[in-house]
Amino acid sequence: MAPQLLLCLIQTFLWSLPEAESNVFLKSNVANRFLQRTKRANSGFEEIYPANFERECVEERCSKEEAREVFEDDEKTEAFWTVYVDGDQCLSNPCHYGGTCKDGIGSYTCTCLAGYEGKNCEHDLLKSCRVDNGNCWHFCKPVQNDTQCSCAEGYRLGDNGFSCIAEGEFSCGRNIKSRNKREASLPDFQTDFSDDYDAIDENNLIETVQSQSATLLKKSDNPNPDIRIVNGLDCKLGECPWQAVLIDEKGTAFGGGTILSPYFVLTAAHCINKTKSIAVVVGQVDISRKETRRLLSVDKVYTHPKYVHVTNDYDIAIIQLKTPIQFSENVVPACLPTADFANHVLMKQDFGIVSGFGRIEEKGPTSNILKVVMVPYVDRHTCILSTKIPITRNMFCAGYGNQPEDACEGDSGGPHITAYKDTHFLTGIVSWGEGCGRDGKYGIYTKVSNFLPWIKTIMRRKQPSTESSTGRL
């Protein structure tokens, strides 16, 4: 009985299917009244028709070449393609200070307004150390999107955040006397010396440190290291207060130096090997007046360990005195710059100042009067082309090339000073040259900024030793 009942149910279900289909599915002619499928444009022969943006890049994923066919313009194609591929990178307005954004694939480019730079035009050049030294009088340091000023030793930062105020009466780099008030006389301490000065004679002058290249001193074909002011002006008392003079065992001036601190004088390494003994004189503008000068005895001499006599590379040495220099309005140390300040600010100035008691012309007599001359900086390429002698990274050129104004014999070791905001910084040491003031030739100077760590390491030894000695570091 049960099998017959199941069979009847199946048969009844099968009979009802056609009627169910007619109730659920519409006939095609009726269905097309309500449901329509949008067909692609120009289907069938689309390649023979003009490019169509909708067909090429909306309905389908187009290639860059297909987009080029649509726009028929490279610039418009690039503008579309960079957005089409990965979206518009400029939607977030990444360019600051009114910069214009141009989208790229996976990147963007900002075109900055004048006075701004950086990937997002985020750097205000008015707040950059590269523009007018960030308005800093001395040293400038970039800090995030701003600048931070600081000052040389002996100065404090002004309330305005960029000026430098001298803390002491004889802070470094100051010309205390105005030129019109200077007198051609020796400073007071020269005629009435303190007991702190150690007056010495040739019997107690120390022997200087011998160079490791001393055997090369007999060579005569190297550039003139001693020959280094031609056609300079008289340096009035107090105008070159950082000038030091090196005196040999005969009491003759043979080179120059720069006062760095009460105990230290900077000079050229090649000067150290020119005499058996040396002493130092400061505050003097007329070396013929021997009766009024006092010699400062030397405690140690530090010649740079890499100094090469033949090439005059690393031509730098430091003299440490036994007793401190007494500063006055006529005796003031030069300021030491930072390397960045020297390289990017000071040495970008037009002129440096060179002083000394050297020959007043090539092969001429030396000068008893301190001379000073302003010499322009020379770009490195011109400097290198001016001579067959190697110009190393530790050297730079200064001079006119077509005017006979130069350092000359007897000026060696003396200061090359650059003034900035009324402060005078040491930028070079008179080193060597081919003759004096020759046409097409320049004076060569030791680049002090390369040696600041070495200088400061030695100057930390402020206290002189109890016994005279020589040394190398």
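Glycine is no exception: its Cβ is also placed from the backbone N, Cα and C atoms.
Scan Swiss-Prot for N-linked glycosylation site across Asn145, Asn273 and the hit is Asn273. Between Cys90 and the candidates Cys101, Cys110, Swiss-Prot records a disulfide bond only with Cys101. Annotation in Swiss-Prot places Cys164 in a disulphide bond whose other cysteine, of Cys151, Cys172, is Cys151. Which of Cys240, Cys271 pairs with Cys235 is settled by Swiss-Prot: its disulfide partner is Cys240.
Listed as Cβ neighbours of the domain 'EGF-like 1' (86-122) (distance under 8 Å, sequence separation of 6 or more from its ends, same chain) are residues 79, 128, 145. Within 10 Å of Cys164 (disulfide bond), judged by CA to CA distance, lies none of the recorded positions Ser92, Cys112, Cys240, Asn273, Cys397.
The recorded positions shown are Ser92, Cys140, Cys149; of these, the one with its CA atom nearest the CA of Cys383 (disulfide bond) is Cys140. Proximity note: of the listed disulfide-bonded residues (Cys121, Cys129, Cys151), Cys129, Cys151 have a CA within 10 Å of the CA of Cys136 (disulfide bond), given in sequence order.
Using DSSP to sort the residues of the domain 'EGF-like 1' (86-122) gives these counts of helix, strand and coil: 5 helix, 10 strand, 22 coil.
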